[in-house]
Amino acid sequence: MEPPAAPSERSLSLSLPGPREGQATLKPPPQHLWRQPRTPIRIQQRGYPDSAERSETERSPHRPIERADAVDTGDRPGLRTTRMSWPSSFHGTGTGGGSSRRLEAENGPTPSPGRSPLDSQASPGLVLHAGATTSQRRESFLYRSDSDYDMSPKAVSRSSSVASEAHAEDLIVTPFAQVLASLRSVRSNFSLLTNVPIPSNKRSPLGGPPSVCKATLSEETCQQLARETLEELDWCLEQLETMQTYRSVSEMASHKFKRMLNRELTHLSEMSRSGNQVSEYISNTFLDKQNEVEIPSPTPRQRAFQQPPPSVLRQSQPMSQITGLKKLVHTGSLNTNVPRFGVKTDQEDLLAQELENLSKWGLNIFCVSEYAGGRSLSCIMYTIFQERDLLKKFHIPVDTMMMYMLTLEDHYHADVAYHNSLHAADVLQSTHVLLATPALDAVFTDLEILAALFAAAIHDVDHPGVSNQFLINTNSELALMYNDESVLENHHLAVGFKLLQEENCDIFQNLSKRQRQSLRKMVIDMVLATDMSKHMTLLADLKTMVETKKVTSSGVLLLDNYSDRIQVLRNMVHCADLSNPTKPLELYRQWTDRIMAEFFQQGDRERERGMEISPMCDKHTASVEKSQVGFIDYIVHPLWETWADLVHPDAQDILDTLEDNRDWYHSAIRQSPSPPLEEEPGGLGHPSLPDKFQFELTLEEEEEEDSLEVPGLPTTEETFLAAEDARAQAVDWSKVKGPSTTVVEVAERLKQETASAYGAPQESMEAVGCSFSPGTPILPDVRTLSSSEEAPGLLGLPSTAAEVEAPRDHLAATRACSACSGTSGDNSAIISAPGRWGSGGDPA
């Protein structure tokens with residue numbers, strides 16, 4: 001593991017709003033706000049108009065959330081707490097009512113006549129408990145102190161957020177819930193000091209006379225209690241004064257969480273170069289920063305690389321058209337015998353065996369894709385719709401359903417390593433399991449379930465394999481069309497709904513107008529929530545809602561309005577989209593290989609255009625293990641622990657798997673030795689880094705050319721100018737096949753092919769020094785697009801940098817080869833090269 005580096009001016013610092021002029025810094029919350037009496041939360045079930053005809057089994061066909069690799073143990077085991085601990089690999093040590101509202105008719109079945117959502121006979125779908133039952137539970141960074149300068153003698157040590165089972169306490173961290181808890185405390189203290197009993201018919205559960213009589217308290221104790229009550233009321237007023245009329249209460253939590261994450265990332269970025277890059281990746285991806293993005297002006301040399309080919313310019317389409325749509329003709333008889341799982345396959349028995357785990361967490365979607373002939377999305381979508389009886393409930397013709405599924409899957413790019421139909425199928429199946437959570441049984445209507453499943457299926461359709469920021473920085477037509485706001489998410493929605501207009505593809509043709517409008521609104525809200533820059537806002541919204549109910553007396557989460565219901569659904573799809581780290585390790589590692597391959601392909605495009613390479617997109621410097629540990633610690637764990645609070649205890653096994661996977665990647669970091677001295681900034685062969693905010697860890701273009709210049713090799717510019725002649729000779733990275741191919745083999749092959757193509761002496765190649773540390777994980781090489789193979793729907797994007805950067809990539813591979821020549825092929829640190837991405841996103 002890399003030794004901690006001294007803090008520098010290059011550390012991460014987000015521009016978050018500070019106190020207004022003349023306003024003092026907010027005081028820390030009173031100490032007791034971190035521990036509140038535990039209040040169970042119940043999510044009220046909706047009623048069924050046909051409840052007399054539906055048995056309990058029919059209403060809940062998927063009651064338990066099971067893991068695909070779990071063993072049947074009979075009765076549900078006792079509640080266990082997550083073993084997740086605060087990350088210690090980067091810095092420091094571990095730390096731990098109102099009246100009921102009737103649902104509108106277009107939103108699915110209405111409550112039964114005479115049965116109110118508040119009816120006492122409605123059994124709860126959820127009971128939430130925070131804290132531990134058998135062991136201490138350490139939480140995410142959200143439960144750490146919000147202030148580094150909290151030195152008040154009244155403040156307790158907040159380094160540990162362990163809830164005490166003996167005292168039955170909940171931990172409250174969202175500001176609005178803390179304000180409510182504070183007001184309740186003030187009310188209780190007032191009752192005690194004045195001997196005025198609290199009416200039992202009011203909201204507070206502390207009805208009746210105070211538990212302690214004022215006469216039993218000394219004068220000094222009463223005065224101290226009065227002072228503390230006044231201080232608490234002042235704190236509460238100060239919190240309310242900072243609120244702005246146009247901001248929701250959950251924005252208080254969002255602002256707080258962003259501030260805390262900023263502090264954690266700053267610490268992480270100061271520890272090592274790789275930590276700096278991980279910090280920037282998390283900041284750029286998961287924080288919706290409103291500050292302007294400064295794009296440096298390209299040099300004349302770089303500008304030549306950014307000119308799109310003339311053939312691309314001629315293909316420009318009017319802005320009014322939705323790009324990426326293809327005219328497809330699906331042959332075969334859709335009106336005759338319908339396949340059992342919606343797709344034709346000669347391995348139906350094996351497919352049926354895999355689909356026995358359809359309603360379990362951890363289904364091996366890779367095996368499903370293999371047995372379904374690469375049609376994993378169509379197979380999963382059809383099977384789920386059949387199992388939930390949605391085709392009959394909404395009168396969806398089977399042939400229309402099959403036509404839409406096939407058309408939708410064909411609009412996912414098979415040559416994109418991660419965001420392909422395989423990922424869509426995985427998110428769809430995960431959403432299906434989360435909808436079947438026992439805590440949410442009988443909560444959502446059939447139309448809401450249909451909307452959630454449809455949103456999961458289309459949420460990444462026509463994804464080009466690059467990020468929103470890449471599209472914005474390159475002035476793509478999509479970014480212009482959607483004004484730089486959730487560019488890809490808006491495009492996915494447009495394509496998903498546009499495909500419904502294709503011949504015999506409208507699966508919602510028999511819905512009423514109001515049902516279609518309601519479904520469309522829900523789908524739009526859920527897909528837009530998959531924009532990762534909205535992550536902290538979604539997390540703050542959900543946590544505020546959960547904790548607000550914890551500090552209220554009722555503890556009943558009614559979900560009786562659209563805002564609350566869609567909030568849960570949005571977070572559900574978001575959780576499914578970020579569920580890879582919660583799956584069995586063998587599946588998680590495959591997803592990690594794929595996302596890194598996609599990142600590196602984007603990095604190659606950025607390098608070709610002379611752009612700054614995005615964090616984690618440089619295949620020469622990215623740290624896969626550290627990125628995954630940081631991803632879990634700062635993004636995935638806080639989200640899933642909040643979801644686990646909502647559906648407690650149903651997500652306990654998911655949290656356990658998440659921790660196991662995090663430990664595996666963390667142990668891989670420990671096995672990696674520190675980079676050699678000459679690799680550190682300011683070391684041998686490297687100039688000192690500039691004193692400015694800069695996360696980029698790759699060598700500058702000019703420095704690379706100077707240090708890697710080898711006689712007999714053309715320069716990058718010369719290669720580009722002679723591109724037409726060189727393409728036939730350049731190394732074709734798409735020919736590097738086989739998931740078992742090691743980088744050593746790839747490097748040896750590249751050495752031979754490049755020497756043949758450019759006449760470079762082999763001796764001069766091996767004379768180049770090695771800058772890779774022996775323990776650095778070898779990252780997967782990716783398939784690159786040919787010059788005529790552009791990302792559909794993204795006009796003006798040239799091919800990747802394989803042909804242009806072949807000499808430099810060869811040198812990097814040669815250096816990796818000499819550094820790792822003694823590495824065994826069984827070493828877990830070696831990540832196999834994924835090779836070409838075949839049908840359905842599977843490796844060919």
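Including glycine, each Cβ sits where the backbone N, Cα and C put it.
Annotated region 'Disordered' per Swiss-Prot: 1-124 (among others), in sequence order.
The compositional bias 'Low complexity' annotation in Swiss-Prot covers 36-46.
Feature annotation from Swiss-Prot assigns region 'Disordered' to 296-317 (among others).
Secondary structure at HIS419 (active site, proton donor), as computed by DSSP, is coil. Cβ-based neighbour count (10 Å, all protein chains) for HIS419 (active site, proton donor) stands at 24. According to Swiss-Prot, the feature active site, proton donor maps to HIS419.
For ASP460, the entry in Swiss-Prot reads Zn(2+) 2 binding site, with the evidence type similarity to another entry. In the three-state DSSP classification, ASP460 (Zn(2+) 2 binding site) falls within coil. Counting Cβ atoms from all protein chains shown, ASP460 (Zn(2+) 2 binding site) has 25 others lying within 10 Å of its own Cβ.
Residues or ranges marked as region 'Disordered' in Swiss-Prot: 668-690 (among others).
Taken from Swiss-Prot, the feature region 'Disordered' covers 818-844 (among others).
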Which whole-number value in Å describes the distance between the Cα atoms of HIS419 (active site, proton donor) and ASP460 (Zn(2+) 2 binding site)? 7
